[in-house]
Amino acid sequence: MLPPKTFFEKVKEIIWPIERKELKLFIPMALMMLCILFNFGALRSIKDSLVVPSMGAEIISFLKLWLVLPACVIFTILYVKLSNKFNFEYVFYIIVGSFLLFFLFFAYIIYPNQEAYHPNNEIINSLITSYPNFKWFIKIASKWSYGLMYIFAELWSAVVINLMFWQFANHIFDTNKAKRFYPVLGMVGNIGLILAGSVLVFFSGNKIIDPELLPNSFDASVNLTSQTTEMLQPIMSIIVAAGVISMLLFRIINKSILTDSINVLDSKKVKAKTKTKLSVLESIKLVINSKYIGRIALLIICYGLLINIVEGPWKAKVKELYPSTIDYVHFMGRFNILMGISCVTFMIIGSNILRRLGWFFSALLTPIMLSITGLMFFIFIIFIEEIGSCFGNFNLLYAAIIVGAIQNILSKSSKYSLFDSTKEMAYIPLSLELRTKGKAAVEVIGTKFGKSLGAFIQSLIFIIIPTATFDSIIIYLLVIFIVMISLWIWDVVKLNKEYTELCK
C-alpha cells in the first residue's frame, strides 16, 4: 500500500502534474507555445491598432467577412495540397516561414512607404460621398495594406496555433496525457501574452499622442506615420525572432526528442503517416459526413460569432478614448498583460477542473462565463445614460471600456484554459485521417466562419444603413447573443454523449 501524499505533493499535483521523465518533451513544447502565443498577442493588438483608429471599429466586420474568410478557404486548399506533397514537419516550416517573411516586409517596406501605395484621401472622400452604401469597402481599398496585415494576423491564430501546433500535440499525446499536459501547456504558453503586452507597452510608451494634437495636415500625418514606424519595426523584429525560435524548437522535438525510447510510442503517431493522400473535395466531404466533427465545428462557430458580436462595440468605445495607432497599441499592451495574468490563473484552476470534474463540466464553463460577462457589458451599454445619472461626473466612456475589458479577459481566459483543451481532447479519439484533414477544415474554415457569420449580420446592417453605428444596433446584437449562447450549451450536451462513447 502506497503512503498517503503530503500536502506539498498534493499542491504539486494540482499546479504541475508533469512527471520528471516527461520534462524533456514538455519543456520545448511549452516554450514553443510561449513563442507562438507571444506572436498571437502582439499581432492581435497591432492589427486592431492599425484598422480601428484609421477606419473605425465597424470596419472589422467587413474585414472578417470579405477578406479573412476567403483567405481561410484559400489557405485550407493550399494546406491540403502541401500536406499531400510534404510531411508535416516541412509544411510547418513553409507556413510559419511565409508568415514571418510577410511581417518583415510589412514593417520595413510597406508601412513606412504607405503614402506611395495608398490612394489619395481626396479621391477616397469623393467616392464615399458618391457611394455612401459602399463606404466601408472604399475605406478598405484606401488602406489595403492594413487589410492585408489584418488577414495575416488573423490567420496566425487559426493556422499556426489552432491547426499546426495543436495538430502536432494531438499526434504526440493520448487522452490521458492530454488531460495533464494541455492545461499546463496553456498556462506556460499564456505567459507569452504577458511578454507581448510588456513589449507593446515598452515600445509605445514614449510615443503617446495627445488626442487634441492628431494630424490635420499632410506633414503632421507623415510625422505620425514615422513615429508609428519607429514603434512598429522593433516589435515586428521581435515577432520574427520568436517565430524563428518556435521553428528551431519544433526541429529539436522532431529530430532529438521524439526518437528517444521514452517517447517512442508517441513519435510513432507522427511518423507512421504524415502524408494522407486526400483531395480537397474529399476532405470537405469527410467533415460534412461526420456528425461528430460537425458538432466540434459548431462549438467553434458559436464562440467566434459571440466574440465578434461583443468585441465590435467594445473596440468602438476604445477608439473613442484612444484615437491614434500608438495610443491604441499602448492600451492593448496593458490589456494583454492583464489578459496573460488572468489566463495563467485560469490555467491553474482549469487544469484541476478538467482532471477532477471531467470533460462535460469543463466544456460548459466557457459558454456560461461568456453569457454572464457578455450580458453585463450589453446591459451597461444599453442603459449607460441611466447608469450615468446615478454616478454624476463619473467617466462613462472609460467605465464602458473597463466593463468590456473585464468581459473580454474573463471570457477569453476561460476559453484558453478550458475551451481549447476540451476541444482538442474531442479530436483525440478520432482516426488519424479524420483528425488530420477534418481538423484542418474545421479549425481554419470553422473558426473564421463563426466570426464571419457575426460579421455578415453586422456588415449587412452597415451597408443598408450607412449611418448606423454599434451604439445604434446594440439591442439587436443582444438578441443574437442570447440565441447563440443557448445553441452553444445545447451542442456541448450533445457532443458530450458522443465523446463519452468514443472514449470507452
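From the backbone N, Cα and C atoms, a Cβ is placed for every residue, glycine too.
Positions annotated as transmembrane segment by Swiss-Prot, on the basis of sequence analysis: 23-43, 59-79, 90-110, 146-166, 183-203, 230-250, 296-316, 329-349, 364-384, 386-406, 449-469, 473-493.
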Handout entry: Candidates 23-43, 364-384, 473-493; stretch with most C-beta pairs under 8 Å toward the transmembrane segment (296-316)
Key = 473-493
Exercise for the section: For the transmembrane segment (364-384) and the transmembrane segment (473-493), check the count of CB pairs under 8 Å (sequence separation 6 or more) and say whether it reaches 3 or more. Expected result: yes
Exercise for the section: With a Cβ cut-off under 8 Å, give me the same-chain residues at least six positions beyond the ends of the transmembrane segment (146-166) that come close to it. Expected result: 32-33, 36-37, 39-40, 43-44, 46-47, 50-51, 54-55, 63-64, 67-68, 71-72, 75, 79, 91-92, 95-96, 99, 102-103, 106, 110, 140, 420, 424, 439-440, 443-444, 447-448
Problem - Feature contact check the transmembrane segment (183-203) with the transmembrane segment (329-349), CB under 8 Å, 3 or more pairs - result: yes
Completion exercise
With the cut-off at Cβ under 8 Å and a gap of six or more residues from its ends, the chain residues touching the transmembrane segment (90-110) are 43, 79, 82-83, 117, 145, 148-149, 152, 155-156, 159-160, 164, 168, 229, 232-233, 235-237, 239-240, 243-244, 246-247, 250
